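Feature annotations, courtesy of TrEMBL:
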{"type": "COMPBIAS", "residues": "228-237", "note": "compositional bias 'Gly residues'"}
{"type": "COMPBIAS", "residues": "249-262", "note": "compositional bias 'Polar residues'"}
{"type": "COMPBIAS", "residues": "283-377", "note": "compositional bias 'Gly residues'"}
{"type": "COMPBIAS", "residues": "429-457", "note": "compositional bias 'Gly residues'"}
{"type": "COMPBIAS", "residues": "568-577", "note": "compositional bias 'Gly residues'"}
{"type": "COMPBIAS", "residues": "589-602", "note": "compositional bias 'Gly residues'"}
{"type": "COMPBIAS", "residues": "629-664", "note": "compositional bias 'Gly residues'"}
{"type": "DOMAIN", "residues": "4-94", "note": "domain 'PE'"}
{"type": "REGION", "residues": "228-379", "note": "region 'Disordered'"}
{"type": "REGION", "residues": "415-457", "note": "region 'Disordered'"}
{"type": "REGION", "residues": "568-602", "note": "region 'Disordered'"}
{"type": "REGION", "residues": "621-675", "note": "region 'Disordered'"}
Amino acid sequence: MSYVFVAPEVATAAASELAGIGAAIDTANAAAALPTTGMIAAAGDEVSTAIAAMFGQYAQAYQAISAQASTFHTQFVQAINAGAVSYAAAEAANTSPLQAIQDMALTAINAPAQSVFGRPLIGNGADATMPGGNGGAGGILWGNGGAGAAGAAGQAGGNGGAAGFIGNGGTGGAGGAGAIGGVGGAGGMLFGNGGAGGNGGDAIVVGGTGGNGGAGGNAGLFGAGGAGGHGGQGAPGSDGVNPGPITPPNGNANAGTEGSTSPDPGVAGGEGGSGDSTTAIGVVGGDGGAGGDGSPGGTTGTGFLSGGTGGAGGNAGDGGTGAQGGTGGNGGNGGAGASGGFATPGGTGGDGGNGGTGGDGAPGGDGGDGGTGGKGGSADKTGFAGAGAAGGTGGNGGDGGLGAAGGNGGNGGNGGNGGSGGTSTASPGDGGAGGNGGHGGTGANGQAGGSGGQGGAGGSGGLLAGDGGAGGAGGSGARGGAAAFGADGGAAGDGGNAGGISIGKIPPRGDGGAGGIGGVGGDGGTGGAGGVGGQGGAGGSAGLLAGNGGAGGIGGLGGNGGLGGEGAQGGHGGNGGAAANSSRLQGVIGDGGTGGNGGDGGDGGAGGAGGAGGSGSLLGAAGSAGSNAAGGAGGTGGLRGDGGAAGPTGRAGTGSAGGEGIDGLDGNPGNPGGV
């Protein structure tokens with residue numbers, strides 16, 4: 001006998017469609033009624049009139065029959081609607097008793113198994129609700145596993161619940177920020193598919209790595225393996241940041257001792273003490289002490305003896321180590337040369353001490369200024385004055401700490417003034433040369449971008465038959481951070497003014513000292529490297545007898561490299577010293593410092609490798625290999641049936657080069673000499 005299937009919702013839908021058809025037919029009949037029932041004769045003869053009357057009668061008969069059919073159609077639609085309402089009412093009346101009976105039967109069956117094994121015999125596992133919770137297991141005989149819940153930030157996703165004897169495994173939950181996805185639940189031991197693995201979470205920490213995708217669940221004897229989850233994306237690296245202005249230091253070192261007086265050439269000044277190291281985190285190191293002044297030269301020469309040479313100024317101490325390095329101390333001043341004897345030059349002024357080097361720190365401290373050269377000694381009568389000593393060279397700025405910019409270079413010391421001439425045909429001293437500016441520190445480097453997470457492996461097909469699950473795609477690598485610009489080079493010191501005094505109508509004739517060379521600007525930092533794309537997940541193996549291996553996951557895209565930092569401006573050249581009079585040479589102006597080089601752009605991240613294809617079954621052909629070396633290998637086939645296809649290789653990003661630095665400005669010429 002035949003069976004009739006009736007559902008209230010199906011009957012209601014059919015009645016609605018029939019009503020629409022009837023309305024369309026009625027509209028067509030109404031449009032054709034006027035031109036067909038009142039047809040006009042083609043000519044005035046009897047034949048034409050008879051033909052027109054015959055067609056009009058046919059049209060009138062058709063309209064009468066159509067009206068009866070429309071009435072029947074309407075009654076038929078009403079009958080179907082009434083039947084649907086009756087069936088719906090009958091089902092509603094019978095639902096409550098039947099559902100109650102079904103619930104009672106399941107409760108009686110599941111209660112013993114629930115109390116002994118902690119899971120029912122028949123029924124689906126509960127979906128997890130707490131973050132990162134695992135899905136419940138399905139019924140022992142029949143039931144699907146529950147889905148795992150997504151993890152909170154940094155928490156792994158929950159695993160999917162396993163099925164029972166028959167049923168599908170639950171889906172793994174997505175991983176929280178930067179965390180791995182949950183593993184898919186296993187399919188039923190006899191029949192059922194494995195659950196899909198959860199996706200890895202995207203990284204939110206700067207430069208962090210994306211979470212790996214969860215592996216797909218394995219099937220039982222018959223069924224397909226679950227697909228692996230996709231890997232999360234890495235987070236971009238941080239940009240390099242140069243620190244702000246250096247704050248005042250927390251203490252100064254002691255100054256060096258001065259040289260002693262002696263009839264011999266002057267003794268050099270003592271060295272300045274080093275700055276104190278910081279005693280607490282984040283405190284600035286102390287400044288280096290100033291070098292001691294050199295002692296004056298020996299006593300005035302008699303007869304044809306020259307005066308003693310002034311002692312050299314002491315070198316300044318280095319700045320202390322701290323969160324920000326201390327400033328190097330200033331070099332000591334050179335000692336003055338002694339007066340010369342008859343027709344002999346006075347003693348040469350001592351050299352100024354070198355400025356101390358700035359202390360190491362997050363940004364390096366500024367180098368100290370070089371000391372001023374000593375004044376040349378006066379000649380006795382027609383003696384010749386000694387030449388002024390050159391100023392000390394300014395200290396270089398301290399190197400920047402890791403990830404921070406170097407400090408600005410210290411300014412060069414000013415050259416010493418030339419000695420005064422004697423009372424006769426004196427030769428006044430020349431001005432000392434200005435010190436060179438310190439070099440600027442290198443800009444901070446950008447941080448590398450985070451790597452993409454690895455795709456999850458596909459689950460294995462059923463032990464006897466079933467397709468392997470596809471591997472998850474690898475996550476994309478993030479871009480590298482941009483580098484910071486370099487620090488400016490220090491300004492050079494000015495050349496010293498010429499010495500000497502006018503004797504009668506004879507003007508002094510000393511030359512001005514040359515200005516120093518400006519410091520080299522710091523190089524821009526290097527941009528951070530792009531993150532590496534995540535590797536695609538491996539495809540799952542097929543069943544032993546039948547089934548195809550899963551396709552390998554696609555490798556993630558490599559991140560773009562960060563921008564290189566701009567080079568800094570070179571320091572200003574020093575001003576030339578003034579000559580003793582307009583007929584003499586004024587000092588040569590110093591050259592501006594060279595601008596720093598732009599930093600290199602970061603390297604693009606490498607694309608992730610494609611996942612390996614899964615192995616085919618015994619009844620399949622050999623699997624195809626990957627298209628290139630970086631791609632995943634194809635699966636090993638059997639006699640018939642295809643192995644999994646290899647995943648393509650991800651593409652590498654590209655870095656951008658930084659801009660070139662600006663050359664420093666030339667110094668201004670020295671002032672003209674006086675009369």
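For all residues, glycine too, the Cβ spot is worked out from N, Cα and C.
Outside the compositional bias 'Gly residues' (228-237), and at least 6 residues removed from its termini, the chain residues within Cβ reach (under 8 Å) are 172, 174-175, 178, 181-182, 196-216, 446-459, 469-481, 528-529, 531, 534, 537-538, 553, 556, 559, 562. Per-residue pLDDT, averaged over the domain 'PE' (4-94), rounds to 84. According to DSSP, the secondary structure content of the compositional bias 'Gly residues' (228-237) in residues is 0 helix, 0 strand, 10 coil.
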